[in-house]
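S.K.: Sharing a structure below in structure tokens format, with a few things to ask.
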Amino acid sequence: MKTALAALGLALLPSPAAAQTPDTLRDAFDQCFLVGTALNRWFIADEVPGLLDFVGDQFSAVTAENAMKWGRIHPEEGQYAVAIPDRLVSFAQANDMAVVGHTLVWHSQTPDWVFEGEGGQPASRELLLGRMKDHIDTVVGRYRGRVHGWDVVNEAILDDGSWRPSKWREQIGPDFVEQAFRFAHEADPKAELYYNDYNMTAPGKRDAVVAMVKDLQAKGVPISGIGMQGHFGIGRPSMEDFTAALDAYGSLGLKVMITELDVTVLPWPENLAVGADISSAAENREELDPYTDGLPEEVARAQADQYAALFRELVARKDFVSRVTFWGVSDADNWKNNFPVRGRTDHPMLFDRDLQPKPAFDAVMAEAKGCSGG
Ligand code: G3I
């Protein structure tokens with residue numbers, strides 16, 4: 001191309017379009033990593049006018065917030081509910097977006113029947129492993145070649161680094177993680193396969209995840225990436241903990257992703273462990289819900305600073321950071337309005353309730369300067 005242009009005596013000047021500053025996340029970070037979002041059922045079903053167009057413009061990856069969880073996609077033995085997941089995958093293909101499958105093996109949102117044998121007794125190792133394989137074969141197999149990567153195992157380790165007691169672990173044994181990855185690889189050998197968890201910057205969990213992954217790698221288990229969920233707050237995590245975790249996971253030679261990013265602006269209830277354990281809950285009180293009338297400028301600024309600091313470190317590690325996914329699209333309809341306290345008014349995303357960019361959006365976009373120039 002260059003030679004042909006030179007032969008015609010034409011110089012290679014940037015076109016006016018190429019010289020413009022990108023105004024979407026997917027374009028701005030194109031040379032760094034995918035930027036994704038999570039979609040709930042009514043977004044996927046196109047029940048919110050204009051939302052899907054906005055999503056296709058802004059993001060290059062998409063995750064179903066709930067629709068591919070076991071309880072949703074496989075509620076009864078042998079019955080699969082694929083209408084919403086199918087729509088998500090078609091939407092992503094039409095908009096050249098990567099699909100992330102979330103999630104195959106999780107202690108939560110998995111129906112009781114999965115763990116039960118004859119007469120309601122706990123299912124044997126063989127029965128449960130068979131169900132796990134059948135589920136993974138069916139779900140991963142259905143979207144083979146169309147899902148970029150799967151959160152294969154979600155939240156198997158606690159903050160102190162110990163294994164989470166779960167029916168998967170109790171009834172199958174410690175190799176349930178390895179088995180899940182092997183089944184997923186058989187079902188779609190080209191899909192990326194991830195371990196995904198929250199509080200991945202907590203040193204105890206971080207070190208345990210590193211040890212687990214090294215063990216999986218030594219056994220030849222096909223794991224390709226680590227997902228740090230990223231349910232953060234202003235000043236939380238510290239940049240020291242954040243970068244130490246990124247580098248610890250990056251040193252394993254795997255892709256590292258932020259898979260469920262949000263930065264809450266609301267106070268965390270005292271006496272409640274910080275994290276994303278969905279069983280955590282606290283009662284609403286006025287002092288826990290201070291921004292029902294809107295986000296004060298100084299808080300929006302502090303949130304923007306936190307987002308900028310996070311993206312600065314992610315861009316600096318673009319060699320191994322492959323995706324950053326926000327856990328939602330805007331402040332409206334965001335899970336943080338109900339977690340860990342129901343019915344609050346949180347403002348955790350880059351876009352406000354009217355899909356307008358917030359100071360955090362501009363702050364994140366400014367960090368994309370580190371993506372250009374290879
Ligand atoms: O859709 C039903 C609605 O029909 C019903 O009337 C209503 C009654 O409560 O429930 C609605 O379903 C809720 C669903 O979100 C959609 O809003 C479920 O109760 C609620 O449990 C579910 O919460 C989800 C949660 O995972 C549990 O699966 C959140 O949306 C989702 O954001 C959250 O995501 C998890 C990740 O998968 C894993 N990492 C942590 C993250 C936060 O917990």
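Just so it is clear, glycine is given a Cβ too, placed from its N, Cα and C backbone atoms.
So TrEMBL says this about it:
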type	residues	note
SIGNAL	1-19	signal peptide
DOMAIN	19-367	domain 'GH10'
ACT_SITE	E260	active site, nucleophile
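Just tell me what is around each of these and how deep it sits.
M.R.: On the 0 to 100 pLDDT scale, the domain 'GH10' (19-367) averages 97 in this prediction.
Under the DSSP three-state reduction, E260 (active site, nucleophile) is assigned to strand. A 10 Å cutoff on Cβ-Cβ distances gives E260 (active site, nucleophile) a total of 25 other Cβ atoms nearby, all chains included.
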